[in-house]
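According to Swiss-Prot:
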- 37-112: domain 'DEP' (DOMAIN)
- S229: phosphoserine (MOD_RES)
- 235-256: region 'Disordered' (REGION)
- S241: phosphoserine (MOD_RES)
- T243: phosphothreonine (MOD_RES)
- 255-316: domain 'G protein gamma' (DOMAIN)
- 333-448: domain 'RGS' (DOMAIN)
- S434: phosphoserine (MOD_RES)
Amino acid sequence: MAQGNNYGQTSNGVADESPNMLVYRKMEDVIARMQDEKNGIPIRTVKSFLSKIPSVFSGSDIVQWLIKNLTIEDPVEALHLGTLMAAHGYFFPISDHVLTLKDDGTFYRFQTPYFWPSNCWEPENTDYAVYLCKRTMQNKARLELADYEAESLARLQRAFARKWEFIFMQAEAQAKVDKKRDKIERKILDSQERAFWDVHRPVPGCVNTTEVDIKKSSRMRNPHKTRKSVYGLQNDIRSHSPTHTPTPETKPPTEDELQQQIKYWQIQLDRHRLKMSKVADSLLSYTEQYLEYDPFLLPPDPSNPWLSDDTTFWELEASKEPSQQRVKRWGFGMDEALKDPVGREQFLKFLESEFSSENLRFWLAVEDLKKRPIKEVPSRVQEIWQEFLAPGAPSAINLDSKSYDKTTQNVKEPGRYTFEDAQEHIYKLMKSDSYPRFIRSSAYQELLQAKKKSGNSMDRRTSFEKFAQNVGRNIPIFPCHKNCTPTLRASTNLL
C-alpha cells in the first residue's frame with residue numbers, strides 16, 4: 001500500500017516539540033468531526049461518463065458544514081478556514097495540484113491519517129524521485145506529470161545520476177505492488193499520495209505549509225525566556241496554558257531595573273530605521289555619484305602616467321592646482337572637502353575671509369591631537385583649551401552647556417579624545433552653516449568654473465601636444481648631413 005512507502009519521518013520527541021503541533025491537533029479534531037458517520041460531511045461515489053469517482057464530496061459541502069457546526073456566520077471566513085486546512089493536506093481536490101478550497105461543485109477527498117502533517121514527515125529528494133519515476137511507469141492519463149514535476153524529475157535525475165539505477169528499481173517494485181491492488185483502492189491511494197507530495201513539494205508559487213516558523217521554534221526551545229514578561233509581570237491565561245509549564249515565582253523588579261527598562265525602550269524608539277527600498281535607492285544614488293571616480297569602471301582623467309605615458313597627472317600635481325573632478329567632489333559633502341588637503345585649504349581661506357575660521361581651526365587641531373605622540377598630548381590639550389575654550393580665549397568657539405561641562409571634566413585627565421564631544425558639536429555646526437555657505441560662495445563657484453574652462457582649453461590643445469611629444473620620444477633625431485635637401489634639413493631642425 002501507499003502507506004508502506006518509507007518516506008523520511010522524525011522521531012516522536014521531535015514531533016511533540018514541533019511548534020505547529022497545536023495547529024495540527026486543532027485541525028485534526030475538526031477533520032474527525034467532518035468524517036463522523038452521523039453529523040459529518042456526506043461522502044459519496046459519483047458516476048462520470050463510463051467511470052466512477054469514489055469517496056468524494058463537494059467544496060460547497062465543506063463550507064456549509066463549517067458554517068453549521070463551527071458557528072461561523074460569514075461564508076468568506078468559512079472558505080478561508082477550509083482553504084487553510086486544504087493547504088495542510090487534510091483534504092484535497094481530486095483533479096488539481098493547487099491545494100485550495102472552492103465554494104462550488106469541485107470534488108474533494110479526505111487524506112488518509114498516515115499522510116497527515118502531524119506525523120512530522122520530512123521526505124527526502126530520493127523519495128520524491130522514486131515517486132515521480134513510478135508515475136512515469138503507469139500509463140494513465142490521471143498520472144501524467146505536470147510541467148513542474150517533469151522539470152523536477154529531470155533535475156533529480158541529474159543530481160542522483162550515480163544511484164539512479166537503484167531509484168528506478170525501487171520505483172519499479174512499488175509500481176508492481178500497486179498493480180495488484182483493487183482498481184478503486186488504487187485510484188484513491190494514488191490521489192492521496194499525489195496530495196501528500198503537493199503539500200511537501202508544492203506547485204511553484206504556492207506556500208509550503210510544512211516550513212517551521214523560526215520565531216515559534218525559538219519560543220518552543222527556550223520557553224523560559226519567552227514566558228518572562230519584560231516588565232516582570234506574569235500573564236495568568238498564558239501560565240495556565242497546557243503547553244507552558246509553570247515557572248517559579250520571580251521577584252518584582254526594583255526601581256532601578258524599571259528605570260533601565262524605560263531607558264532601553266526610549267533608545268529603541270529613537271533608533272533610526274530605514275526600509276530596504278530606501279537603502280537600495282541610497283546605495284544606487286551613491287554609486288551613480290561616485291561612478292566617474294572609480295578607475296575600475298571608468299578610465300580616470302587625467303590617466304595614470306605609469307600606464308598611458310601621459311604626464312598630465314604629474315603636471316597637475318606639480319602645479320598644486322586641483323582638477324575639475326577634484327573641485328566637483330568637494331560639493332558631495334563636507335567630509336570630501338575635509339579629506340582633501342587643497343579642499344581644507346580653500347575652505348579655511350573662505351572662513352578666514354568671513355572672520356569665522358575658529359571652528360575649523362579647532363576641528364583641525366583636535367584631529368592633529370589624535371595623531372600626536374602620547375607624551376605630547378597633555379601639553380597640546382592645554383594649548384587647545386587656552387586657545388579655543390578657556391575664559392577669554394583669543395579664538396573662542398560656541399559650545400552648548402552640556403558639551404562644555406563634559407569637556408571641562410575631560411581636561412582634568414587629558415587624553416587624545418578629551419575634546420571628542422566638543423569636536424562633534426562643532427562638526428555639526430559647520431555642516432549645517434559654514435559648509436553650505438562655502439559651496440554657495442563665489443570663491444568656490446569661480447574655482448569650479450575656472451577648472452571647467454581650463455579643462456576645455458586643455459582638451460583642445462592636448463591632441464597636438466601629445467602627438468608632438470610621442471613623435472619626439474619615438475623618432476630618433478640624427479644630425480643633418482651636408483648633402484641633404486633644405487626641406488629635410490628644416491624638418492629635422494623642427495623636430
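Backbone N, Cα and C atoms are what each Cβ position is placed from, and that goes for glycine too.
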Report the DSSP secondary-structure composition of the domain 'DEP' (37-112) as helix, strand and coil residue counts. 24 helix, 20 strand, 32 coil
Could you pull the average pLDDT for the domain 'RGS' (333-448)? 91
For the domain 'G protein gamma' (255-316), what are the DSSP-based totals of helix, strand and coil residues? 42 helix, 0 strand, 20 coil
Residues in the domain 'RGS' (333-448) per DSSP class, helix first, strand next, coil last, are 86 helix, 0 strand, 30 coil
